[in-house]
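Participant: Found this in TrEMBL, in case it helps:
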BINDING   GLY98, GLN99, THR100, GLY101, THR102, GLY103, LYS104, THR105  ATP binding site
COILED    336-391  coiled coil
DOMAIN    12-276  domain 'Kinesin motor'
Amino acid sequence: MSGRHEKEKGVNVQVLLRCRPFSEEELRNNAPQVVTCNDYQREVAVSQSIAGKHIDRVFTFDKVFGPSAQQKDLYEQAVIPIVNEVLEGFNCTIFAYGQTGTGKTYTMEEWAQWRIASRSRCHSRAVQQIFDTLESQNAEYSVKVTFLELYNEEITDLLAPEEISRSALDDKQKKQLPLMEDGKGGVLVRGLEEEIGRAREAGEINKSLLTLGRVINALVEHLGHIPYRDSKLTRLLRDSLGGRTKTCIIATVSPAVHCLEETLSTLDYAHRAKNIKNKPEVNQKMMKSTLIKDLYGEIERLKAECYAAREKNGVYIPKERYYQEESERKAMADQIEQMGVLLENHQKQFEELQEKYDSQVRQCSDLSSKLDATQKNLNHTSRLLASTEEELKRVQYALKERDFIISEQRKAENALTHQACVLRSDLEKSLQDNASLFYKIDREDKLNASNRSVVNSFQAELAQQISSLCNTVATSMSQQNEHLQCIETLCHSFLDTHQKAVLDLKKKVMASKALYISHIEAVQNVVRLHKSSSNASLEEISSLTSSNVQSIEEFLDGEAVEANSIFDELQGTLSTQQGELALFARDLRQRFHVSMEKTRGISEFTHGFLHNLLEESRKLENHATIAEETQMKSIAEFQKAYEEQSKSDAEKLIADMTNLVSKHIRRQKELVDARLVDLRETAIGNKVSLDGHVSSMEGITTEAKRKWEEFSMEAENDAKDSAVFAAAKHCRMELLLQQCVSTAETASKHWKRTHDSVNEMGGTHVSAMLSLVKNASDSNQQHDSEVCSARDAVEEDVGKSSENMLHHLDSVSDQERGCISEVLGTVKAHADTLKILDEDHSGQAASIEQKALNTFQQRYMDYEPTGNTPTRSEPEIPSKGSIESLRAMPMEALLDEFREIIHMIHLK
């Protein structure tokens, strides 16, 4: 009955799984492993990530062979039992299923390069085992081999040479495609033909695999229609899937991550195929020799009967059989006579025995009734004894089970109590960690608020300093413009004064020249008058000589005094001009020095301000970096500690308490992780934004600092150049004035020499008059000529001196005008430069202030609460006494309570 029931129930298809090792290319690329094999538990675990979560899928098979399994292990554990069942008369099927390159051919087929004893494949080993077993039994056997190829839904017998040759001949006789003259058409057609062939091959393979999957699903779900006829593969496997054959499927997979989808598909196919049930039957076949012997016997018997029927002499049986039956009949008649005599004797004995028998029967009936009653009692007692023994065994087994269950429950109760205590301590620790977490979050909020206040104060100070800098620069610009205007006014006034002085000096020089010439003409006229009257009044001349000489001396002294006063006034004017020029140069130098000092002060103040601003921005960046690193480090440490604590808590939980506490811990972990991620993203965003703003401020500040340094250097260089140029022009003007003074001194000395010579000539004339009165008439002409020559010489010297003086005055005036125009041009260029600098400084200050405003008010973002942060709560923690009170009472107390309850029930 059990064998018939097992036969009707069926046998599941045996499914084995084999995972190949990593290939050399996968080892070089360090491909991750996603398949883990457990040979002892016959499990395969596949790791995959779905929506960022790590999920392991576990499949159980009849046998599992990992990457380290050898071909010998697979054959000994899986194939040898199937070969033995084949030798017992069962039909068996082994086929491999899996992705290309996972080891199907390596497992099943035999190739020349694999012909090693330790690496032989299933086909060769199975055939070798079959022949070895049959030869060891010394039995007659016959072997039939079929080697088929299924390709593109076409079955080819690979062991039929005529078919292969015919197919090869058909391939050779295929008409080649015509090629175009340029060759391009043929290439296109050949490529199209190959592509169509590959597409057809892929389609047929997909069709066969889909049909195989539908057949497996239909067999597992016990559907009425199984689609075996939809593909030739399922037709060949019809008896192996749901038929009378014992089937073994070897599923091959790859452990690499790039084959994950095909691996999961293979495992799903194989796992579904485990539920297919076959109903194998033993094939019975008689030996050929026995069958031939039975057939020969039957043939001889039939021949004898046919011969007797053809002869028709008597009964239609053979003579030997007839004689045999006659002899048997005579023997039987003798035996009947003997038996008749014996029957009579026996009849008499029978009657006697019948009487005894009747009495014995009566006794036996009484004994039988007693025996029956006793047997019934015995049977009943035996049944009671058997049932009692069975009940005793069951009760003893139940008692053992109860004792074992009670002991295990006590162990579990103690473990649960201990675990509850541990969970209570862990829960207290988690509450402490949560409190520290909330405290840390409060400190971070305070730190963010303080950072925001620092940023706001820095923004206000920055705006105030920028405004003060702008005011200082504007004041400096206005003062420099005023200085430049003063310089320009002084230059214009000095030029006007100098021009007026030069004109006055020219007028005085011309007047002195005209006066001197008129005096010389007067002297000449006097001399001529004296000459005309000398002949008539020599005595009068001699008497009047002294008076004339005295008058000439007086006249010359008067003219000399007037000329000296003119020359002194000219020298005084030139010295005054020289002093005013030196004072102007000194004043200009002082004003340039003051302007340089103020510009240098402004430059140093601006440079210091920009340096301080750069240092403050770097300090702010360092502070933000340190705060961000501290925050990220604290978040990472807290997250690590919390994950370790959660992991240790989750590993310690059991049974029903696991779900509740793990859900609570998971919810807390998710909320804390979300809060930490928000904090980390906010900190990173603030850090990035602040770094960008600080870097932009540093760039702007550095650029402004560089431009201000360049402007300071240019202004200082311009001031130095202006100072050097003014000093050079001042030296040139002093040199010209000195030349004018030297020229005036030369003219004065010449006038003095003339005056002395005239005085000397007067004295000589007086002395000559006294000694040469007689020769007066002779010497008058000579004296007249000498006076004329002296007059011409004096006029020529005075004219040259006047022209040289006027020429020097004109050149000095031109040089002064050129110097003043250059100074005014320099002042104007400096004013334009200051104006451009003021505009650039105002624009850069406005840009810095605007960028700082944008940075601190728009781009610098504070953390905004999302509302998803869990509120601080204080869960109720059970005390150790309440946990201990949950223990069960001792066994004696429970038994006493149970007995009291049973006693009360019986009393009721």
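Cβ coordinates are placed from backbone N, Cα and C, and glycine is handled just like the others.
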Participant: When you measure from the Cβ of THR105 (ATP binding site), how many other Cβ atoms are you left with inside 10 Å?
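Facilitator: Neighbour count, Cβ to Cβ under the 10 Å cut-off: 15.
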Participant: GLN99, THR100: which of these binding-site residues has the sparsest Cβ neighbourhood within 10 Å?
Facilitator: THR100
Participant: An 8 Å radius from the center of the GLY98, GLN99, THR100, GLY101, THR102, GLY103, LYS104, THR105 Cβ atoms defines the neighbourhood of the ATP site; name the other residues of that chain inside it, in order.
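Facilitator: The answer, listed by sequence position, is ARG20, ALA96, TYR106, THR252, SER254.
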Participant: Between the binding-site residues GLY98, GLY101, GLY103, where is the Cβ count within 10 Å the lowest?
Facilitator: GLY101
Participant: Excluding near sequence neighbours, so keeping only residues 6 or more apart in the same chain, what lies with its CB under 8 A of LYS104 (ATP binding site)?
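Facilitator: For LYS104 (ATP binding site), the qualifying residues are ALA96, TYR97, GLY98, ILE250, THR252.
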Participant: Taking the Cβ of THR102 (ATP binding site) as centre, how many other Cβ atoms lie within 10 Å?
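Facilitator: Around the Cβ of THR102 (ATP binding site), 24 other Cβ atoms lie within 10 Å.
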Participant: Where does THR105 (ATP binding site) sit by DSSP, helix, strand or coil?
Facilitator: helix
Participant: Using DSSP, would you call GLY98 (ATP binding site) helix, strand or coil?
Facilitator: strand
